[in-house]
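Copied from Swiss-Prot, the annotated features are:
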type     : residues                                           : note
ACT_SITE : His143                                             : active site, proton donor/acceptor
ACT_SITE : Lys170                                             : active site, schiff-base intermediate with substrate
BINDING  : Glu46, Trp47, Arg48, Arg82, Arg213, Ser232, Gln236 : 3-dehydroquinate binding site
Amino acid sequence: MQSITIRNTVIGEGLPKIIVPLMAAGEKELLEEIEAVNRLRPDIIEWRADVYEHVDSLDAVKDMLEMLRKAAGATPLLFTFRTHKEGGNKVIDDRFYIELLKTAIETKHIDLADVELFTGEAEVKLIVKTAEDNGVYVVMSNHDFHQTPKKEEIISRLRNMQAYGAHIPKIAVMPQSTEDVFVLLDATHTMKTQYADRPIITMSMAGTGLISRLAGEVFGSACTFGAGKEASAPGQIPVEELRSVLSILNKHM
């Protein structure tokens with residue numbers, strides 16, 4: 001598996017990289033939040049644009065990205081609009097979703113862009129091409145907030161992301177039992193050892209799945225999400241606690 005270096009962050013080697021989301025709705029609050037997040041020393045900062053109150057305006061998004069880029073400094077910036085059907089905050093038209101992603105990418109203020117696998121093959125390939133033309137990496141994602149698919153289905157989705165050109169495939173699933181967490185971890189390990197030629201991100205959500213957010217280095221997930229001011233998904237824990245556990249595991253492996 002090849003690692004990816006974005007600015008000074010190497011994804012796919014050593015400790016899983018910590019991604020911290022920005023979840024504020026307003027401009028002033030976002031700028032205050034990113035300053036607080038910077039103090040946590042994340043490896044990557046994610047802007048959850050589906051929470052932004054002016055996300056319907058492409059000009060407002062471009063202006064906000066310029067400010068966030070400046071505030072993030074040397075820390076890689078991930079742009080994410082999580083659709084409502086995959087757990088996001090806002091319902092938007094599919095065509096606007098694609099236009100929003102293209103606009104964010106073409107500002108060149110971001111380092112990574114999240115695009116959901118089930119947007120459609122042609123659409124995600126268009127986003128991948130746009131990203132590559134602008135020096136941006138693609139995190140291709142899928143989120144199931146209701147269940148954990150079978151191991152074979154999890155692997156199939158990750159392999160499809162890889163085939164569609166994702167630089168970093170990502171899947172998050174909801175466990176209904178401890179056994180479901182084992183399924184996700186087993187699928188992650190199999191994907192990493194048998195199929196992946198690039199970093200992957202996987203997680204089992206909620207408290208039941210917490211171990212998957214902590215043991216990525218063991219099973220093969222290259223990044224994990226920690227809560228800054230506010231968690232963006234069930235099961236995220238504060239960054240300082242997360243970093244401590246990741247460091248302990250890394251030290252004794």
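Backbone N, Cα and C atoms are what each Cβ position is placed from, and that goes for glycine too.
Overlay of Swiss-Prot annotations on the structure.
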| residue | record | Cβ contacts under 8 Å, 6 or more apart |
| --- | --- | --- |
| Trp47 | 3-dehydroquinate binding site | Pro21, Leu22, Leu30, Met64, Leu65, Leu68, Leu77, Leu78, Phe79, Thr80 |
| Lys170 | active site, schiff-base intermediate with substrate | Asp114, Val139, Met140, Ser141, Asn142, Met161, Ile200, Ile201, Thr202 |
| Gln236 | 3-dehydroquinate binding site | Arg213, Phe225, Gly226, Ala227 |
**OP:** Note down the number of other Cβ atoms within 10 Å of the Cβ of Arg213 (3-dehydroquinate binding site), including every protein chain shown.
**Re:** 25
Original post:
Whole-number Å distance between the CA of Arg48 (3-dehydroquinate binding site) and the CA of His143 (active site, proton donor/acceptor)?
Top reply: 15
**OP:** Sorry to bug you, but what's the C-alpha spacing from Glu46 (3-dehydroquinate binding site) to His143 (active site, proton donor/acceptor), rounded to the closest Å?
**Re:** 16
Subject >> Other CB atoms within 10 A, centred on Arg82 (3-dehydroquinate binding site) >> reply: 22
